[in-house]
Amino acid sequence: MSNKIQSIRGMNDLLPENSPLWQFVEGVMRSTLKEYGYQEIRMPIVEKTELFKRSIGEVTDIVEKEMYTFEDRNGDSLTLRPEGTAGCVRAVIENSLLRGQAQRLWYMGPMFRHERPQRGRYRQFHQMGVEVFGLEGPDVDAELIAISARIWQQLGIDSVTLQVNSLGSAHSRERYRNILVEYFKGHQDKLDKDSLRRLESNPLRILDSKNPEMQSVIEQAPVLEDSLDEEDLLHFEQLKTTLDSMNIGYEVNPRLVRGLDYYGRTVFEWVTDLLGAQGTICAGGRYDGLVEQIGGKATTAVGFAIGLERLVELMREQSLSFGEEKPHAYLVLAGEQATSVGLGVAEMIRSAVPGLRLITNLGGGSFKTQFKRADRSGARLALVIGDDEAASGMVTIKDLHGKSEQQTVSVDDVANILSRYN
Ligand code: HAM
C-alpha cells in the first residue's frame, strides 16, 4: 500500500463546484477593466530573487520570512513571485513599454508567500493587480479607486470601507524617518527584538508591528502627516476632493503604512470586518521611485491588487448569488447505432447554435441511467436519439422540467428550437 500524496499546506485546489463563482468574479473584473481601457499583461511566476529584494525591500516580512526562494540548476537564485508589481515593473522596462506613453495594465494569477495559513491567508493565493505607469496623479489614483469601487458594486459587495493615507514623497519620508528613529530610541525598552533591529534598517516598519505589547508606544509615535511637504499635501487634498466628487466614501487612516517598501504618497486599502483577522481584500498605492530603482527611466506609477480568495469568501459571507450556468441540454444516446451517429449530431447542433451548453452522454448506459444523469446535470432539456431516431435522422426533445410536450423533430429543426432556449 502506498501513502497518499497530499497538497502543500496553504495551497488549495479550486474545486469544480466553486469555479463558477470564481469565473463570475474574474469575468466582472475583466470586463470592468476593459471598460476603463486597461490592457492585460502576463508575467512569469518565477523571477530572479534580486528583483523582489530590490523592490519590496530587504527589511520587510515578505523578503525576510515569506519568499519561496530556490536555486535552479544553473545556480541562480530564483523566487516564486510573492506579488505582481515587481514583475510588472521589470516587464515594462524590459519590453520598452514606457517610451513617452502612459500604460494602464492589469494581470491576474497565483502569488506565493510562506505565511502561517489561516482563514483568508494562504501560501498560494491569487491576485488581480492593476498598474498604471507614467501618470503623476492624483487623478489616476482616484480612477484606480473608482475601478475597485465599481467592481464591488458589480459584484454586490457593500460591506467594505476604504482607508486612504499619504506617505509623502521620498524626501518627506526621509525627514519622518529621522523623527521616528529619535522617538523610538527614547522608548527602546518597549520595543521587541524585531523592532529593535528595524530601528536602524527600516523604522517605518515598526509602525506595522502586530505585537499587542507595542501598540501603545506605536499609537503615541509621531505621525507621518506632520512631515508631509506642501506638494504632498496638495496631492492628497486633490485625491480626497476627487473621491468626494465621485461619491466614494473614505476614512483617512494616518497609521496605514503598507507592508512593502516601494510606496510613496497615496496608499489605500479596502477592508471588511466580515472576514475576521484577514479583512483587507484590496490594497495599493503610488510607487513613483520603483521604475528607476529597478533600472528604468524615472517614471511615476500607481496600482493596487485584489486578493481573490478573500473577495470570493466575502461574497459567500454576504450570500451573494450570481448567474450559475447549468447546461441547456443533455443528449441521451441509447442503442448501438444511436451512439455512433449521436456524436456527429451533437457536433452539428453545436455548430448551428453557438453558445449552447450541451452535454453528450458518454460511456453508454440504459435509458433510465442516462435520464438520471440528465436530471443530475441540471439541464432543462433532454435530447434523445434512440435507434429509431438514428435511422430516420430525427431527435426527440423532452422538457425535463415538464413544461412542454415531448416532440420528435428533424436535426435541422432541433437547432431552431434550441436557439430559442439559448
Ligand atoms: P499586498 O497588500 O501585499 O499588496 O497584497 C494585496 C492583497 O493580496 C491583500 O490585500 C490581500 O487581499 C491579498 N493577499 C496578500 N497576501 C495574501 C495571502 N497570504 N493569502 C491570501 N490573500 C493575500 C501587494 O501585493 C501589492 N503588489 C499591491 C499593489 C499593486 N500595489 C501597487 N500595485
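Each Cβ is built from the backbone N, Cα and C atoms, and glycine gets one as well.
Features as listed in TrEMBL:
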BINDING   E83, G84, T85, R113, Q127, E131, R258, Y262, Y263  L-histidine binding site
DOMAIN    1-327  domain 'Aminoacyl-transfer RNA synthetases class-II family profile'
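With a 10 A radius on its CB, T85 (L-histidine binding site) counts 25 other CB atoms from all the protein chains. In the structure as shown, the Cβ atom of E83 (L-histidine binding site) sits within 10 Å of 19 other Cβ atoms.
In sequence order, L167, G285, R286, Y287 are the residues of the chain that are 6 or more apart from Y263 (L-histidine binding site) and have a CB within less than 8 Å of its CB.
Ligand 1 lies under 6 Å from the Cβ of the following binding-site residues, listed in sequence order from E83, T85, Y263: E83, T85. R258 (L-histidine binding site) carries neither a helix nor a strand DSSP state and counts as coil. For the binding-site residues Q127, R258, the largest tally of other C-beta atoms within 10 A is found at Q127. Per the record's binding annotation for L-histidine, residues E83, G84, T85, R113, Q127, E131, R258, Y262, Y263 show a top Cα-Cα distance of 21 Å.
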